[in-house]
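Residues or ranges marked as active site in Swiss-Prot: Lys16, Asp141. Look at Swiss-Prot and you will find Pro99, Met100, Gly101, Ala102, Gly103, Leu104, Gly105, Gly106, Gly107, Ser108, Ser109 tagged as ATP binding site.
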Amino acid sequence: MTDTTRSLRDCLAPAKLNLFLHITGRRPDGYHALQSVFQLLDWGDRLHFTLRDDGKVSRVTDVPGVPEESDLVVRAASLLKAHAGATLGVDIEIDKRLPMGAGLGGGSSDAATTLLALNRLWRLDLPRTTLQSLAVKLGADVPFFVFGKNAFAEGIGEALQAVELPARWFLVVTPRVHVPTAAIFSEKSLTRDSKPITITDFLAQRGIDAGWPDSFGRNDMQPVVTSKYAEVAKVVEWFYNLTPARMTGSGASVFAAFKSKADAEAAQAKLPAGWNSAVAESMSEHPLFAFAS
């Protein structure tokens with residue numbers, strides 16, 4: 001990352017994995033109550049920010065299928081500007097590297113990186129708690145990325161406790177299919193009554209259920225998604241013969257954990273031709289963590 005008084009270049013918006021995802025009920029406001037552990041990855045979109053003196057917020061790169069006015073990075077910048085009364089503007093460039101609609105948190109991570117980067121570039125010095133309160137207005141996963149640490153998450157994903165996770169490598173396979181999150185949440189067959197756990201339960205029992213270190217529980221959305229999307233089911237089945245794996249979020253990406261980069265790349269080399277995949281290392285902290293106190 002390059003940091004100058006007028007710009008911030010090459011800011012990573014890291015992907016996330018849900019190491020498990022349990023749906024424990026439905027809240028009075030209609031949202032589902034979740035429990036999960038979020039894992040940061042050293043892989044994601046790259047964002048570039050350049051100050052404007054005219055106060056305008058502008059996305060200067062095209063993102064197919066995402067109009068500028070509805071892009072989370074523009075909404076995040078505009079929300080922060082209005083909250084803080086900032087007089088400066090910004091040009092935002094996005095180098096999209098994460099697949100969209102894959103359960104990796106791409107758009108949410110872009111929004112969080114925007115909040116953190118502009119907190120520095122606009123010299124706002126807002127505390128992390130304030131940025132997180134703004135992040136909730138942008139989407140359920142955005143507060144986690146602003147929080148900036150691997151976390152045990154509850155509520156709709158906004159109640160976060162930092163959790164220490166060991167370093168490891170992941171192979172992430174993303175089928176070429178878009179899974180609409182809202183449609184999966186509305187499925188009648190979706191499990192909505194998983195027994196609530198505590199962070200102590202996770203720390204004590206991880207590694208037992210799925211056979212890999214730090215595994216725990218399941219992804220309650222996975223059976224629904226694999227029953228409706230053959231492409232996702234095919235990836236899960238392929239992994240079944242090699243190593244334990246799990247879908248992240250509402251899909252479509254499926255991941256497996258490995259002790260080393262070499263092990264992850266060896267598994268990647270066995271994938272059928274044409275499958276979309278990436279090998280990524282775990283992270284313990286968001287690269288812009290220091291941009292909020």
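All positions are counted from 1 along the displayed chain.
Cβ atoms here come from the backbone N, Cα and C positions, even for glycine.
Note that the structure is a prediction, hence the values are computed from the model and not measured.
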CB-centroid shell, 8 A cutoff, ATP site Pro99, Met100, Gly101, Ala102, Gly103, Leu104, Gly105, Gly106, Gly107, Ser108, Ser109, site residues removed: Ala15, Leu98, Gly249
Neighbouring C-beta atoms (10 Å sphere around the C-beta of Lys16 (active site)): 25
Intrachain C-beta neighbours of Gly103 (ATP binding site), sequence separation six or more, cut-off 8 angstroms: Asn18, Val179, Met247, Thr248, Gly249, Ser250, Gly251, Ala252, Ser253
Which listed residue (Pro99, Gly101, Gly105, Gly107) has most other Cβ within 10 Å, given these are binding-site residues: Gly105
Other CB atoms, at most 10 A from the CB of Asp141 (active site): 26
Pairwise CA distance, Gly105 (ATP binding site) versus Asp141 (active site), rounded so that it is a whole Å: 7
